[in-house]
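One structure is given here, and the rest of the page talks about it.
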Amino acid sequence: MILVLISGRLVSGWGVRIVVFFIERNFLLRKRVLYFVYGLRNAVQNCVWLALVLIAWQCIFDKKVERVTKGKILPYVTKIWVCLLVGTLIWLLKTLLVKVLASSFHVSTFFDRIQESLFNQYVIETLSGPPLVEIQREQEEEERVMVEVEKLQKAGATIPADLKNNMFPKSGRVIATPRKSTVSTGAKSPMFSKVMSKKEEQNGVLSTLDEKIQGSAGEDEAMVQITSENQAKAAAKKIFNNVAKPGSKYIYQEDLMRFMREDEVLKTMRLFEDGSEQKGISKRALKNWVVNAFRERRALALSLNDTKTAVNKLHQMLNVLVGVLIIVIWLLILKVATTHFFIFLSSQLLLVVFMFGNTCKTTFEAIIFLFVMHPFDVGDRVEVDGVQMVVEEMNILTTVFLKFDNHKIYYPNSVLSTKPIHNYYRSPDMGDAIDFCVHISTPIEKIATMKERITKYVDNRSDHWYPAPAIVMRDVEDMNRLKFSVWLSHKMNHQDMGERWARRALLVEEMVKIFRELDIEYRMLPLDVNVRNMPPISSSRLPSNWTASAA
């Protein structure tokens, strides 16, 4: 039995690993399948282990041995094994319940964001390193040196350790490494990087990450952590200089072809604001993309950490309830509990419900709001009761928000579930409007020229705006001014409110410039002023901009 206890755990672990391996090979991109596989494999392993132990117990200690021992000890041991097996089965059902409840957002919400973040990381890593031709040349050189080393070793030569460490060249790719016990996806091979990325996103081990960039050739190989937007901008500059041709202001498709395959190049071009085959990728667009990738990865890491915390808290709450249920079932199996005991237990349970009923109701509503409705994630910009805030922290009972001045606001989740919540991050590309007035006597020709120039500016800024804005005359006010509105759409939502106002400010500045060049202005209606009496002038002082007349 001791051998069964030890080897049964090993055999069940091997069996579970083999099953997980084949599921990975066939369901690598089935996000829900792998999510449940990785979440339930430990509980399944325990169930299989105890089932093997119970079977071995029944086979070893048969009825003959029970008759010899007069049936005093073995039946109780058998019941104990049954209790353990039933307890693990109930624990498995509890884990499955939590996974089903959490999968409504823990998988579906984050899977696409994790894939996008990993691809962005792969792009940064690839474009910061040498071209594919140089990588192949390095690999061939490494293989040739390895062959020579093996020949020398077979001949009896001893190679110093320092020489081994300095024998092979090192690439200068930008990689993302974990802060604490997390996974790095910095692999040299693109295919290997993609496969590892897919596995890592299934494991759900992505947490707070630091982006790192390695110096270019000829510089110190010390790693510089990208922990701020300024460092992300510096990394973008190095990547641009590494990919673009000398003296070029844009990165074109043929430049990317030196680093990636054609399908990856097309997908990469679509990531940038002004990335088209004809226009290329400007240094400004690359800088904005790297900064946004840094922000998104940081927000995603915080979301996964806080989500994991919420799931763990839910686990802890259910652990207590399931533990009580298992104890009750054990008492029934061992026939220790009597009818009077259960009557006493039910009376105590009614007392607990009376005392904590409202708390249980609030907790249940908060769990439904957090795991089923799930209207936001950490880092999302939302609007509640007309106030714009950023989600700072998500817990079971409360959610912490930050206002524009870093003022923290704590909202109970039970209260948030009753309010309409506007989520800017999950919104598609959003629109904007600019209102202005011109004088009613402005010529039609000037108005037409104004519309044409505003439209031309918006069309030229295709990295900021969708083309063809709507410029409409909305109203006549006070019989002396015409009210116009410019309705146009950003190529982003309003999650980054600072970027939204920066783009809008550039458009307003251009509109002011157009108004001045066309001499378009607004004049108030003339007013009749009748002066009936003036006090005598007792001072000879005049305003500074007046000139005294000789009279």
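We number each residue from 1, going along the chain as drawn.
The backbone N, Cα and C atoms fix where each Cβ goes, and this holds for glycine too.
According to TrEMBL, the domain 'Mechanosensitive ion channel MscS' annotation covers 368-425. Helix, strand and coil content of the domain 'Mechanosensitive ion channel MscS' (368-425), in residues and according to DSSP, is 10 helix, 25 strand, 23 coil.
The transmembrane segment annotation in TrEMBL covers 6-23 (among others).
The list of residues near the transmembrane segment (43-61) in space but at least 6 beyond its ends in sequence, with Cβ under 8 angstroms from a Cβ of it, reads 1, 4-5, 8-9, 11-13, 15-16, 74, 77-78, 81-82, 84-85, 88-89, 91-92, 95. Residues or ranges marked as transmembrane segment in TrEMBL: 43-61 (among others).
Here TrEMBL flags 73-93 (among others) as transmembrane segment.
Annotated transmembrane segment per TrEMBL: 318-343 (among others), in sequence order. Among residues of the same chain six or more beyond the transmembrane segment (318-343), those with a C-beta under 8 A of the stretch's C-beta atoms are 76, 79-80, 82-83, 86-87, 90-91, 94, 97-98.
Annotation comment: TrEMBL describes 349-372 (among others) as transmembrane segment.
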*Mean pLDDT, the domain 'Mechanosensitive ion channel MscS' (368-425)?*
89
